[in-house]
Each structure stands twice: as structure tokens, then as C-alpha cells.
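Undergrad: My structure is below; once you've seen it, I'll send some questions.
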Amino acid sequence: MARDQLLLALLCLAASSLSAQAAGTDGRKMVGVYELKMGDFSVKVTNWGARLMSLVLPDSKGNLADVVLGKDTIAEYVNDTSYFGPITGRVAQRISRGRFVLDGKVYHLYRNDGRNTLHGGGRGFHKVVWTVKEFVPDCDSPYITFYYRSFDGEQGFPGNLDAYVTYRLSNPYTLGVHMNATALDKPTPVNLLQHVYWNLAGHGSGDVLGHTLRLFASRYTVLDGELLPSSGRVAPVAGTPLDFRTPTAIGARIRQVMGGKVVGYDANYVIDGEPVSMRPVAQVRDGASGRAVELWANQVTMQLYTGNWLNNTKGKDGKVYNQYAGFTLETMGYVDAVNHPEFPSQTLLPGQEYKHDMVFKFSF
């Protein structure tokens, strides 16, 4: 048995080496769709925005369904404004007034959310072609790694930055998302996130208000009407509609919450436990299908969003997504930390590396 495992590991290493050589030869910058598959568990990703396009797995009766909201074609993702499945950056979520000060210099960013910058600007990491560095589909733990060189001044951010994202499948029914980035020549803020919408009943099957949610978070970041932490204050979730410390239906108190200017969750939670360590973040279950997911990550906060702005939005397979058709669990650093010295810094110095790991464990 050990001999077989060693042989399989050597084959995986060889495949990885060939993939890396191919990437080095042609850059693999053509936009494509790539599948990772382990039996009846599979995902599809694309290097347009390093995006997760689908995730298929069984329910409690063995019926397969795609539980990720999205589009049918790459062309449709190009004009997507809902952020279906991409990696967002260089700094995800909002930066107040599209500006920050670093080492005494004021940086002005591309503003694409009123007077603020959202998810890295109008052409953030979700709107660029990533290079396929490695694609190893035939392995005991298939994976793909995307790479992007963000240039000095892109969307207003300082310095060149190397960014990598790896999607990896493993048994049983586990998806790992691993993001890292290195500042090359100037200090720069970095805060990446994965913006996938989930519906464990299957995309396009209706709303997620009946899903039960448990969050390992006893505090939240107080956000204002622009979804910015203007006060820099963190408060307890106890006694508020944001309290999911025990399993509760997503829709149980949703009408009491304003996610910006609409009803629904768009809230930033402070994850319990030691920052930078892998720890539980969330557990979600759909009672009808029996599908469940448990998220572990190493970031300090998590943004819960319930698709508040979806409205007759065209999705995959002829499906239409309306309000609350999916939810996101976006682990990251504090929102607008670059303008809040009371929050942990997200600024990388040249040579420093940013690491962001997420593990989704599915069951049914």
C-alpha cells in the first residue's frame, strides 16, 4: 500500500512539473475553463478572475447538484456586476473615499462604489486574466494554481505584487482555497477574498432563507450605511439579529437587518479564536437536501452576504436568481483597515508574504 502511495505521489509530482513547464513556455494566458474531479465531487474554475464557476456534489439521496451561483459562459462573466465566484483584490471590500495614506504619501484609487473603492476598483483582480501556473487534474488531490502580477499603480495601488491562488480537492468532499501574495518593491495593502455564492439546495432552486447557519463569531464590526467601519468599533452580537452562535435559519431575523440600503445581511464578523490559525468559521446546512458545509480559515473577519441585490439576475442553465438566492462567507482582514490604525495592519513590506487559507468541508 505504501509503495502504491509513493508511486502515485511521484506521478503527481511529474504531472506538476510538466504543468509548470507548460506554463513557463506559453504563459497559459488564454482564458479557459478547468475541471477538478474526484468521483461524484467536482468543481470548474476559470482563469478569468481566478473564479470558481461550479461545485457539484450529491445530496442525502445521491442526487447531484451544482451549489454555486454563476453564469454559463466566460463572456457573461466579463460584464458581471454581482461578483459571482472570483478572487477580489488587491484590497477586497470597501476603501473609504478611495484613498489612503502610506508612509506619508496619499494614494488615490479608482472609485467604483459611489465615492468609495470596492473589491480593488473597476478592474480589480476579478476583471483580469490570471496565468495558469499548474494544472494537475489526475492526482489523489487534484489542484490548479493561478498567478497574477499586479503592476505598480494598478487601480492606484503602489508597488508590484505577485499573487497566487490554488484550488484543491481532497477526500472526503473537501475544497481548499489557498491565496498568497508577495510585495516586490513597495509597501502596499493586500486583502484578498473569495466571493462565491452558495445555495446548498442547488443554484437556482430558490432562496437560502431556510438554510441553518452557525457562526463562530461573538463580535462584529459596526458598519455604517456605506458598509464602512466609520467608527472603527467592534461590538458583541448578543441581543442583535447578527447572532448566529447557535444554528439559526438565515431568514429568521433577516427582516431586521439593513445590508447597506437594502434588507438583508451584509455584515462583517470577527472570527473567534487566534488570528492566523486555522479555526472554524461557519457551519451551514440545508435540511431539504441534507447538504452541509463547514468552513475553516485563518483570517480575522468574515463577511456574510445574502445576495440582497440580486433581482431577476440571469444565471446558469436558464435559472434566474432573485434576492437571497445565495449566501457568501468571505473570510478576510478588517474592512478598510488601511484607514483604521486601530485594526491589524494589512500592509505588506517588500518581500513580505500574505497568506490566506480557506477549507470548505461538505457533507450530506
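Including glycine, each Cβ sits where the backbone N, Cα and C put it.
Quick paste of what TrEMBL says about this protein:
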SIGNAL    1-22  signal peptide
BINDING   His195, Val196, Tyr197, Asp266  beta-D-galactose binding site
ACT_SITE  His195  active site, proton donor
ACT_SITE  Glu330  active site, proton acceptor
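Looking at the shown structure, what environment does each listed feature sit in?
TA: All protein chains included, His195 (beta-D-galactose binding site) registers 22 other Cβ atoms within 10 Å of its own Cβ.
Cβ neighbour count for Glu330 (active site, proton acceptor): 21 (other Cβ atoms within 10 Å of its Cβ, all protein chains included).
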Undergrad: Take the C-alpha atoms of His195 (beta-D-galactose binding site) and Glu330 (active site, proton acceptor) and report the distance between them in angstrom, rounded.
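TA: With the alpha carbons as reference points, the distance is 6 Å.
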Undergrad: Tyr197 (beta-D-galactose binding site) to Glu330 (active site, proton acceptor): how many Å between their Cα atoms?
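TA: With distance taken Cα to Cα, Glu330 (active site, proton acceptor) is 10 Å from Tyr197 (beta-D-galactose binding site).
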Undergrad: Once His195, Val196, Tyr197, Asp266 are set aside, which residues in the chain still have Cβ within 8 Å of the Cβ centroid of the beta-D-galactose site?
TA: Tyr83, Phe84, Gly85, Tyr305, Gly307, Gly326, Phe327, Thr328, Leu329, Glu330
Undergrad: Any idea of the Cα spread of the beta-D-galactose site, His195, Val196, Tyr197, Asp266, as a max distance in Å?
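TA: Between the outermost Cα atoms of His195, Val196, Tyr197, Asp266, the distance is 14 Å.
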Undergrad: Would you mind reading off the Cα separation of Glu330 (active site, proton acceptor) from Val196 (beta-D-galactose binding site), to the nearest angstrom?
TA: 8
